[in-house]
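Pulled from TrEMBL, these are the features on record:
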ACT_SITE  Cys55  active site, nucleophile
BINDING   Trp88, Arg116, Val117, Thr118, Val119, Glu134, Ser135  glutathione binding site
DOMAIN    158-285  domain 'GST C-terminal'
ACT_SITE  Tyr181  active site, proton donor/acceptor
SITE      Tyr239  site 'Lowers pKa of active site Cys'
SITE      Tyr282  site 'Lowers pKa of active site Cys'
Amino acid sequence: MGRLVEGQWVDQWYDTDSNGGAFKREDAGFREWVAADTRFAPDSGRYHLYVSLACPWAHRTLIMRRLKGLEEHIGVTVVHPHMLEQGWEFAEPEPLYGYRCMHQLYTHARVNYTGRVTVPVLWDRREETIVNNESAEIIRIFNSAFDALTGNRDDYYPAALQDEIERINERVYSEINNGVYKAGFATDQEVYEQACRELFSALDWLEALLGERRYLAGSRLTLADWRLFTTLVRFDPVYHGHFKCNLRRIEDYPNLLGYLRELYQYPGIADTVDFSHIKQHYYYSHPTINPNRIVALGMGPDLLAPHQRDGLTADTSQQGR
Ligand SMILES: N[C@@H](CCC(=O)N[C@@H](CS)C(=O)NCC(=O)O)C(=O)O
């Protein structure tokens with residue numbers, strides 16, 4: 001685990017000491033957009049996605065690639081589940097340049113890059129650079145930028161719901177998606193306890209909301225749901241034990257559990273979930289919190305059981321089902 005400093009790889013763990021024991025996530029460094037008549041125009045075969053199957057942020061982009069019919073237009077390379085001294089590595093040399101490590105792609109894009117080397121990465125083969133490495137933006141790009149090419153106009157970020165989606169995302173990001181990391185990487189008891197309590201009060205809030213709404217923003221599935229899903233699906237098998245998020249399990253929340261099952265059973269989604277990568281990555285890659293690298297056995301709830309969400313209204317008119 002490390003980061004690039006002026007283009008040089010430096011092996012170091014997260015610096016929590018200068019933040020009073022708290023984990024602070026760095027902002028992503030590449031933030032361009034794919035759009036017609038711009039430097040990054042939509043095209044088939046031009047863009048390539050680098051992901052980890054373990055990573056909840058990268059997982060969002062794989063889900064949107066699947067839902068938007070982008071698989072034949074945007075290739076994917078998956079990193080090795082273990083993230084060690086060299087950061088993310090490839091089990092086989094990656095297909096575009098034969099690199100062995102993700103950090104080589106970052107310095108290919110920007111020779112003097114300073115920052116963390118994270119996945120997902122949306123790579124442009126033509127300009128040989130990273131277009132964007134912020135999953136929240138990559139999923140919005142996938143939601144609409146390639147529609148003319150694919151003819152798939154399913155919309156997971158409809159204009160009329162954007163304010164509501166962003167309102168929900170803000171709390172879900174800070175207290176749940178990133179909240180599990182804040183609890184798991186804390187190096188101070190009080191900081192951990194606060195993150196953990198905040199996380200569970202946010203889950204309590206969603207449990208109540210999902211008693212009234214089929215999905216987070218109402219009767220339609222939106223990006224807000226897929227952003228939450230990738231954390232929920234990892235929760236009981238990994239975050240509950242490894243990140244000490246153990247006040248309750250998702251299995252203890254009837255609405256969240258039914259909702260998690262419904263999303264997992266949505267066409268194409270189960271194929272994007274790889275529990276073996278997920279468990280190998282977390283339990284193996286964080287020696288400061290699991291020095292013996294024992295991978296815990298629990299697999300979480302049965303996600304194929306009936307979800308029992310049919311009593312709540314679902315509007316599928318904007319999505320090709
Ligand atoms: N803001 C980024 C965060 C991505 C991120 O932190 N990914 C993790 C994997 S789960 C990573 O690559 N970490 C490597 C590191 O922090 O050095 C996004 O959502 O795309």
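FYI, residue positions are counted from 1 along the chain as it appears here.
Using the three backbone atoms N, Cα and C, a Cβ is placed for every residue, glycine included.
Caution: TrEMBL annotation is automatic and unverified by curators.
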Including all protein chains shown, what's the count of other C-beta atoms within 10 A of the C-beta of Tyr239 (site 'Lowers pKa of active site Cys')?
25
Considering all pairs of residues in Trp88, Arg116, Val117, Thr118, Val119, Glu134, Ser135, annotated in the record as contacting glutathione, what is the maximal C-alpha distance expressed in whole angstrom?
17
Of these binding-site residues, Thr118, Ser135, which scores lowest on Cβ atoms within 10 Å?
Thr118
Look up Tyr239 (site 'Lowers pKa of active site Cys') in the DSSP assignment and report helix, strand or coil.
helix
Check the recorded positions Val119, Tyr239, Tyr282 for any whose Cβ is under 6 angstroms from an atom of ligand 1, and report them in sequence order.
Val119
By DSSP assignment, list the helix, strand and coil residue numbers for the domain 'GST C-terminal' (158-285), in that order.
99 helix, 2 strand, 27 coil
Can you name the recorded positions among Trp88, Val117, Glu134, Tyr282 whose CA is within 10 A of the CA of Tyr239 (site 'Lowers pKa of active site Cys')?
Tyr282
Where the distance is taken from Cα to Cα, which of the recorded positions Trp88, Arg116, Glu134, Tyr181, Tyr282 turns out closest to Cys55 (active site, nucleophile)?
Tyr282
Can you tell which of the recorded positions Trp88, Val117, Glu134, Ser135, Tyr282 lies nearest to Tyr181 (active site, proton donor/acceptor) in space, using Cα positions?
Tyr282
